[in-house]
Amino acid sequence: MVNAMLEVVRVPVLSDNYVWLMHDVASGETVVIDPAVAEPVLAAAAARGWTIGQIWNTHWHGDHVGGNAAIKAATGCSITGPAAEADRIGTLDRTVSEGDVVRIGGHVATVMEVPAHTAGHIAYHLAEDAIVFVGDTLFAMGCGRLFEGTAAQMFNNMARLGGLPDDTSVYCAHEYTLSNGRFALGVEPDNEALAARVAAVEAARARGEATVPTTIGLERATNIFMRARDVEELAQRRAAKDAA
Ligand code: ZN
Ligand code: FE
């Protein structure tokens, strides 16, 4: 995926995690988003002749920060993550919160606080490049579980992320799309865009293909959590999915 001279590479790790390597052609800088582990990420960078200069974390869970220390030991990179979770992550060089700016070369990412999956969860939005890294807050046709927050917070997150331009590429941290889509079809059986997407996802997964990144426009049409009309509806859908 090449986006205005930013190249984003998917590194599949563990059972269903995606680590994202983002490379700026102009400056030669490379950022890793949410390295669950180190070795496959270092190998993916080395295979392209890239040197990792930064890690950006979205939240404290081990499958998002587990590679921090080893990647830093190997590269000397700096690590940025949510101020509210600095104590839990432990390896951060820079802590950020709502509205802070982080950079890769001449490209700018603005930090969005999107609490609910964890209390300090953040997203990194590159508005000029139409890219957002959402960690475990927004998934293709899904949203993160509410481990440390409320349905009201997640409703607000869906409204904020759903308010980004339709062509924004959404980089989620897990391949949960098929399970999310099948559940969503039970909730919105008459949504033709959703039915078509689930059929396409079933075919893609059968071929062993990834279904992430997605886009904000696609999520607005097919994501039952983003489409929930109020907090109550989101809460009911999230509880039903948890129990499914
Ligand atoms: Zn998580
Ligand atoms: Fe995760």
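A Cβ is built for glycine as well, from the same backbone N, Cα and C atoms used for every other residue.
What TrEMBL says about a protein is an automatic prediction, not a curated fact.
What TrEMBL records for this protein:
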- HIS59, HIS61, HIS117, ASP136: Zn(2+) 1 binding site (BINDING)
- ASP63, HIS64, ASP136, HIS174: Zn(2+) 2 binding site (BINDING)
- 16-174: domain 'Metallo-beta-lactamase' (DOMAIN)
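Around the Cβ of ASP136 (Zn(2+) 1 binding site), a 10 Å sphere holds 26 further Cβ atoms from the protein chains shown.
Neighbours of the Zn(2+) 1 site: apart from HIS59, HIS61, HIS117, ASP136, residues of the same chain with C-beta atoms within 8 angstroms of the site's C-beta centroid are THR58, TRP60, HIS64, THR118, HIS121, GLY135, THR137, GLY144, PHE147, ALA173. Those residues of the chain, other than ASP63, HIS64, ASP136, HIS174, with a C-beta within 8 angstroms of the mean position of the Zn(2+) 2 site C-beta atoms are ASN17, ASP34, ALA36, THR58, HIS59, HIS61, GLY135, ALA173. Taken in sequence order, the binding-site residues HIS59, ASP63, HIS117 that lie near ligand 2, meaning a CB under 6 Å from one of its atoms, are ASP63. Under DSSP, ASP136 (Zn(2+) 1 binding site) is assigned to coil, being neither helix nor strand in the three-state scheme. The C-beta environment of HIS117 (Zn(2+) 1 binding site), restricted to residues of the same chain at least 6 apart in sequence and closer than 8 Å, consists of HIS59, GLY135, ASP136, THR137, GLY144, ARG145, LEU146, PHE147, GLU148, GLY149, MET154. Listed binding-site residues: HIS59, HIS61, HIS64; maximum Cβ neighbour count within 10 Å falls on HIS59. Around ASP63 (Zn(2+) 2 binding site), the same-chain residues six or more apart in sequence whose CB sits under 8 Å from its CB are LEU14, ASN17, ASP34, ALA36, ALA173, listed in sequence order. Counting every protein chain shown, the number of other Cβ atoms lying within 10 Å of the Cβ of HIS174 (Zn(2+) 2 binding site) is 19.
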